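As structure tokens, the structure follows; a few thoughts come after it.
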């Protein structure tokens, strides 16, 4: 029983100790232990020596990447690529995913491939992509899956208008796929159209199980990170990121609801430009879920979407999948869930061949990066251990070969991708005299000898490589010795010049000693190689003797074959003699019959007995003849088999002889190389001795030079001390006199410079104040004149509007009265005509002479005709009257709407003029209030320096701020369910929305930031942001604008400004979705929300990265000003104050180039900083211009 249980675990593909896993284990151990540091240990070296060749032979027989011919790259991800491949043996087309082991080991959460491999390998469902093979090499993992030539649903959504009927069909299939996945105990967590592939028949299958996680016994998962695509992630997963939480399979049903909405509407239900806004919409899904007016969506579709996109406890499908299958949305007359797999899909992909890739995007082929191999470790690190047990085969493997062989009572050897077929001997030894067992032993021994020769050849080649390495080391050592000699010469020269070279000489001595030690090590290694070469030579002699024995054995086999042929010839001669005897017996029988006929009836009785005897003899000879014929056929077969064996043995002998000659040549070459190495080594030894003598000479000369140098240095120090003592005395006297002269000179220069600067400052200040007063007087006069002109225009517009409205009302009343009169006259006329007609029809004509009287039946018939005619005529007249009435009412409605539009237009113009007048009045009042202050400056101009600018307006302090140009504008605060978008497809198969940008001409000066519609028409202002209203400017990141082209992102910047004229409640947040509650005082007015960034994003506080593909750092983002920071900065209190005031508005602008964007951001920051500190400067914040712009009304 125990043996049966062990055998069952060995052949079970789901068992962790099956045969494939054991082969993976021994391969991984050999690869991880085969490093120089570990091979110094005797036990590891013995292990590698025993199993290295076995592992290499097993790897050559198992499935590998070269068994598939790569056709095209059809997908690329973070860990690897997906290739379209064709199996070289069966010509079947597959999709092969190739994953890099090194990348997966570096990532913390990279064990996703186990779930993906197990689900696809063991899923028994037609709705899940099937795994055919899984194998590995030291660098990569390979998963060979069935090819889905129809592409994904994203490609279908971009190519066709998806109807509700199509949505129903594809939703039913994805429900079946998720039901199968949940029954296996897994949750997908990333259900989206990108992971739904279309098969050759048009049905879809679920794929990409890298995000799957195993449920526990309660059907839930405990996780602390939010995994999935932002647009499809459920609120319970998003709410609990950063802390452990439990959720079940209902998270997949949420994604199905988003998928149905996207199929019907064309975009996801909670989409927003910024990632934080998307998360906010998901968290507040009760109010943010809305259905557009176009396209029309049925009540059943809306109901199932609402039930999917609901709270987790109430979500459809939480209890079981039958709740979903029984929903009214899936009711139709074409298919049911039982017949779904046999139903006709809406679209069957058109394919030109089995490897057609027209439904996939073109992906650029990359060269493989050889630098991504595992670095050579310094100790055992087990790089291959995490991948033990990954190998799998759905078609054939050693396990299935064993099972199939056991069922047929004959175990056949097989390997995963190259099954070995053992050819049975063609003879059984009866004809040649060689026993079958002995013949098989000869063949096996020949194969083993061949393998030993090959291994010997490999060892010789490795020895040759090591000899070349020794040669290289010798050359490097020679060059190093030459360098040391040159360095010694240089140091000697430096000694003569007085440089301190003791340290250098010591270092050279140490290096020379190290080189001697290294040379000794090389000599020892060379001696080891000599011993190994001698050992290899001895092995070669043994192998030669064994080869000679094999030749003798082969000759013996040939001699036995010759004897067999001679025996066959003798049997053939015996057969010919039997044929001759048979012919003679036939002639004797014929003669006896003739004699019997001549003798007559007398001898008939005797003849009968003779005939019976002859018949028995004839039967006996016929049997002997048949037996001889069979023997001859068997001998023929044996001879043919012996000839075949002879040719096979001859071929093997020829191969062995050729290998032997090659081995002899290699051995000769190796001997010559060894002699060359010995000669080179002698040269190196001689050179080393010469260098040692040279170094000793140099050391002696260095010691002599050191003694001479020390004497010189002592004398030089004495003379230097005497000269320094005298120099110090003279220098002190000279410095005192020089300092006195310089002090006097500096005092006089300072007084002169101060006098000149004061005069210049006084003159410049006087000119600036006079110029400022003149300019403001001129501006005040222009403002007053403009104000009067605008007031006159306003009065004229009011009068004109009043007159036009009065005239229009009178005209409308008159027109309505005329139309009513016409309607009454027409009704009276029609009524009179109808009455006249009825009267004429109702009249009865008098009888003429000769006419018969009208019968009662004819009278009834006539009355019926009159009634029918009257009804028909009345109906037509009433219909025409109704149509005419509707036409008149429609005309009156249009006239009334035109009058209302004109009234609204006039009122809008009047409102704009009123606002402009109020603005001008405010500015005029400010100038009037400021005029006395400027006038008072003139009285104290002689007491002020150039740096005291409290009374000068802000425009002077930053008058060099001037920039203009074309920018593309898009408003972030504009809400629209159907934005103007262009759909594109990225390399990761994601449907992306790229917004259209509108070009405007923008001017920034010392007063305001103004946006115009055109460069030539500067009077058409779109938006004006004045100096005090500008709050914040920054560059955007991919987290702010997710669906923007990567090339456009560096050219975009974000502006925040105040809008006091707008209602603050309109800008308030409709929901508070901050996960970290309650708010802390250290947030500095920010409304933070904790997020995880998977795209490239940086901290606004320290500038370091916030993002990571798998496990990003904890981060916060303000929902108002989009300030991003690390979590620890909030605790440290280093964050800046939020610039959002509750009345702030936002703009997103894009420059033509990255440099243009940087220039605008730099100038705007100067503009903001310059407008803040002015205490007595001209305040322009109150004079807001409420001019409508694209998406804003600043």
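Glycine is no exception: its Cβ is also placed from the backbone N, Cα and C atoms.
Annotated range for coiled coil in Swiss-Prot, selecting from 285-343, 344-402, 875-933: 875-933. In Swiss-Prot, the ATP site is described by 74, 75, 76, 77, 78, 79, 80, 81, 82, and among 64, 97 the residue recorded at this site is 97. Which of 1031-1084, 1085-1138 counts as zinc finger depends on Swiss-Prot, and there it is 1085-1138. Across the fold, the C-alpha of residue 80 (ATP binding site) and the C-alpha of residue 190 (active site, proton acceptor) stand 19 Å from each other. Our reading of the ATP binding annotation (74, 75, 76, 77, 78, 79, 80, 81, 82, 97) yields a largest Cα to Cα distance of 15 angstrom. In the predicted model, residues of the coiled coil (436-844) average a pLDDT of 74. Of all Cβ atoms in the shown protein chains, 14 besides its own fall within 10 Å of the Cβ of residue 78 (ATP binding site).
Here the CA atom of residue 78 (ATP binding site) lies 16 Å from the CA atom of residue 190 (active site, proton acceptor). Counted within 10 Å of its Cβ, the other Cβ atoms near residue 76 (ATP binding site) come to 17, all protein chains included. Counting residues per DSSP class in helix, strand and coil order gives 59 helix, 0 strand, 4 coil for the domain 'RhoBD' (784-846).
DSSP assigns residue 190 (active site, proton acceptor) to coil in the three-state reduction, outside any helix or strand.
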